[in-house]
Amino acid sequence: MVTEEILKLLNNPQWTHLVLIGGDETAHHEIFALPHIIIITVMGEKLNVSPTGYSTCEELMCNFEECSTHTQHHLFPLYQKAIGQLIKVSHTDWPTVDLLVLNTICSQFSRGVYAIFGFYDKKSVNTITSFCGTLHVSFITPSFPLDGNQQFIIQMRPDIKGPLLSLIEYYKWDKFAYLYDSDRGLTTLQVVLDTAAEKKWQVTAINVGNLKDERKDEAYRSLFQDLENKKERRVILDCEQDKVKDIMEQVITIGRHVKGYHYIIANLGFIDGDLSKIQYGGANVSGFQIVDFDDPLVSKFDQRWEENNPSSLTYDAVQVMTEAFRYLHKQRIDFTRRANNGDCLANPAVPWAQGVEIERALKQVRVEGLTGNIQFDQHGKRVNYSVNIMELKSNGPVKVSIGYWNEVDKMAVTKSDVFSNDTTGMENKTVIVTTILEAPYVMLKKNADLFVDNERYEGYCVDLAAEIAKHCGFKYQLKIVGDGKYGARDAETKIWNGMVGELVYGKADIAVAPLTITLVREEVIDFSKPFMSLGISIMIKKPQKSKPGVFSFLDPLAYEIWMCIVFAYIGVSVVLFLVSRFSPYEWHTEEYEDGQIQTNESTNEFGIFNSLWFSLGAFMRQGCDISPRSLSGRIVGGVWWFFTLIIISSYTANLAAFLTVERMVSPIESAEDLAKQTEIAYGTLDSGSTKEFFRRSKIALFDKMWQYMRSAEPSVFVKTTAEGVLRVRKSKGKYAYLLESTMNEYIEQRKPCDTMKVGGNLDSKGYGIATPKGSSLRNAVNLAVLKLNEQGLLDKLKNKWWYDKGECGSGGGDSKEKTSALSLSNVAGVFYILVGGLGLAMLVALIEFCYKSRAEAKRMKMTFGDAMRNKARLSVTGSTGENGRVMTPEFPKAVHAVPYVRPDMGLNVSLTDLS
């Protein structure tokens, strides 16, 4: 039974001087009242005792034993071990005081308890103060200070109200949130609210002490989101260290640890708190420190308890009790409790007679402890103490003192400039440079296994990092980012990943990589001036080059133009025919004899066929045997010549390009083409600035593209750029990848040379070198980038890794092949027309041959066969008779003639169309 164990413990004669009791659930049913009488802690085994440095009841007991053992040989020569047994009791419920336990405690009290060391909370404080005040037993505690004038309560912890109010005034806060733990009481909050009412501050007070453990993280995130909506970026955390740690972890999770936020931790153990994850976010964090680690006494204390450093307040409490009992011993005051031991069961209770002397001795103690000067006023509260004012330095794990506070000087600021951009002292430090494996920026060498450290890598950013380090004068080590991402904040957890997360959470000092400068990133890290300008571009699979068609010689001019040329040719020929017919200057008279009769005949050379032939000859730049004589005809010929000059010149200029270059027909030429179709899918990197650009864009076109990408199934997002390029190559033209133009241009120069950039850039941005907020490297890196740019080294590096090492030539693709030589397929159509024209000519000649043979047969009254043989003989030998005489064939004349008979012959004039 637990009660029997406690009775045995309290009856042990060795433990008659000091009682120490913690809290747990082991005696929940039998020791209900024990925590009310001796000590109350927080729920479970956790102890909120910062800056004491321990977290469980066992640690508390062990540390108190060490402190007592250390002091007893020097300061406790009259007494044996002054320490009580640890008794764990749950305080989840607070039932009625059990009479048996009360009798047991009172029985032990009557045997000789000199003082009590322990803790209380708001539930137990009234019981403890009442018990001690009634029985005159002093209670020494490191718990939060009490208001009012309490007797027999010795408070080891200094009051933080004064330092806190002075710091608020120093920062000139007039609007802030105050988060407090209910277990610490409302005393500090009440003072802050009273001061706020006087100075017209706006204070939002929020109790975070009653949150359930299983839902506290979610509650913290929701709380800070509400504060963000109210633009509350100044927060005071009046909580113990474990709760401060939990809160700050959620602050980091939702991204509220960046520049623009300021937190004051209202406890006395600022250095003890774990703030390693928040220091690189850029937020200001301030607090208070009661233990001065530069003090020789503290340093000696740390060396003596190197493995198990006990609580500073516990150590000081033992010192106070030691000094008090030493004083009583020197004054020869009898406190052996042989006389009036007191009786807590009497009605009314009888106090211990020597209790007042012990209380007076405790309050008169003045000693230099780990927490500085230890001195009490008449009410048992610390006075004449000093508290260091601390700030967290954002460029490294350093917490610096910016001043101090005491009751005389109040707030005294001693800092000059906490943050510096000087890089002196970096020579002996190896800077961690985070980067990402992304060609051509950072790549593993082919024989990387033969090298170590930075020598294993090559690329644009590797060379750039070496130049930056040379200009800034520091040693560095390249570190590939673990998750292979550039850096984005999770929408739900608000945690940064990738290289940005490495900088934010202090895992790297600088990022040299193709990291895009964006607003959301600039809020949590610093960027240098851009070392490369670029924009979002579209990558597609290079379409198959189209071979020239049979009639590719027609391609320099559109088919509409060819049709217009045909109609113009016919129209010009008809107009030329008409103006020649109506113009008298196109008619001329020819004289010839027909037997005994001399005839004058008026002729016109521009019949319809000759007009067509003249127009065709002019168009083909070949000329003709006939030319217009009239002014109107020459005007028609002149404008037609000018027309053909321009058309033929334009055609000739474009013909070479169309015949010698194999054109690629791309289905996508711009972002508009992508947005208005769904056959070709398109996407971005799953985590990066390109995706963020589309997600945040308010432009209708880009918003439409984002709505498609976010809802597309299967997902159009890829984890790495290499995966995106591979998807483009394997999609057979059904996937387009949106990425930075510089990477697009680089991949276009790599084998198998099957990708291409289409359209212009969708935006304009730059790559920058990133550092944590407030880093001392920022200015030095910025100046180095500007210097490299002025020297032209940045352009040289790009040419080296993009084009000098390119695999596809300056034109990309198959540009290494001869493109100026014509193949048969380029001019096959011309040969087809030639052969077709020759065949047509032969067909027409055959028709003429047959037609003329038939006419000759009728005229000569011979058979058609004989006529054809005669014509054939004529065609072969040029003669149709045996004597070789050539029979002149009768061909129709291509002129219009009007026979003219002289009037003196009495003949009439008639017009005859010989054509």
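Just so you know, glycine gets a Cβ as well, placed from its N, Cα and C.
Noted in TrEMBL for the protein shown:
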type     : residues                           : note
DISULFID : C106-C344                          : disulfide bond
DOMAIN   : 430-804                            : domain 'Ionotropic glutamate receptor C-terminal'
DOMAIN   : 440-505                            : domain 'Ionotropic glutamate receptor L-glutamate and glycine-binding'
SITE     : R489                               : site 'Interaction with the cone snail toxin Con-ikot-ikot'
BINDING  : P514, T516, R521, S689, T690, E740 : L-glutamate binding site
TRANSMEM : 557-579                            : transmembrane segment
TRANSMEM : 639-661                            : transmembrane segment
SITE     : I668                               : site 'Crucial to convey clamshell closure to channel opening'
SITE     : R695                               : site 'Interaction with the cone snail toxin Con-ikot-ikot'
DISULFID : C753-C808                          : disulfide bond
SITE     : K787                               : site 'Interaction with the cone snail toxin Con-ikot-ikot'
TRANSMEM : 829-851                            : transmembrane segment
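TrEMBL feature annotations superimposed on the structure.
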residue: C344; record: disulfide bond; DSSP (3 states): coil
residue: R489; record: site 'Interaction with the cone snail toxin Con-ikot-ikot'; DSSP (3 states): strand
residue: P514; record: L-glutamate binding site; DSSP (3 states): coil
residue: I668; record: site 'Crucial to convey clamshell closure to channel opening'; DSSP (3 states): coil
residue: S689; record: L-glutamate binding site; DSSP (3 states): helix
residue: E740; record: L-glutamate binding site; DSSP (3 states): strand
residue: C753; record: disulfide bond; DSSP (3 states): coil
residue: C808; record: disulfide bond; DSSP (3 states): coil
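Straight-line distance linking the Cα atoms of K787 (site 'Interaction with the cone snail toxin Con-ikot-ikot') and T690 (L-glutamate binding site), rounded to a whole number, equals 29 Å. All chains included, 21 other C-beta atoms sit within 10 angstroms of the C-beta of C344 (disulfide bond).
Packing around C753 (disulfide bond) is summarised by its Cβ count: 19 other Cβ atoms lie within 10 angstroms of its Cβ, all protein chains included. In this structure the C-alpha atoms belonging to I668 (site 'Crucial to convey clamshell closure to channel opening') and C344 (disulfide bond) are separated by 94 Å.
The average pLDDT the prediction assigns to the domain 'Ionotropic glutamate receptor C-terminal' (430-804) is 86. Rounded to a whole number, the distance between the Cα atoms of R489 (site 'Interaction with the cone snail toxin Con-ikot-ikot') and C753 (disulfide bond) is 35 Å. According to DSSP, R695 (site 'Interaction with the cone snail toxin Con-ikot-ikot') sits within a helical segment. Looking only at Cα atoms, C808 (disulfide bond) sits nearest to E740 among the binding-site residues P514, T516, S689, T690, E740.
Cβ neighbours of R521 (L-glutamate binding site) (same chain, under 8 Å, six or more residues apart in sequence): G487, V500, L515, F527, S689, A770. For the L-glutamate site, the Cβ centre of P514, T516, R521, S689, T690, E740 serves as reference, and the other residues of the chain with Cβ at most 8 Å from it are Y486, L515, I517, T518, G688, K765, Y767.
By neighbour count, meaning other C-beta atoms within 10 Å, the densest spot among the recorded sites R489, R695, K787 is R489. Of all residue pairs in the L-glutamate-binding list (P514, T516, R521, S689, T690, E740), the one with the greatest Cα separation is 17 Å apart. In space, T690 is the closest of the binding-site residues P514, T690, E740 to R489 (site 'Interaction with the cone snail toxin Con-ikot-ikot'), judged by Cα positions. Just so you know, the Cβ of P514 (L-glutamate binding site) picks up 24 other Cβ atoms within 10 Å once every protein chain is counted.
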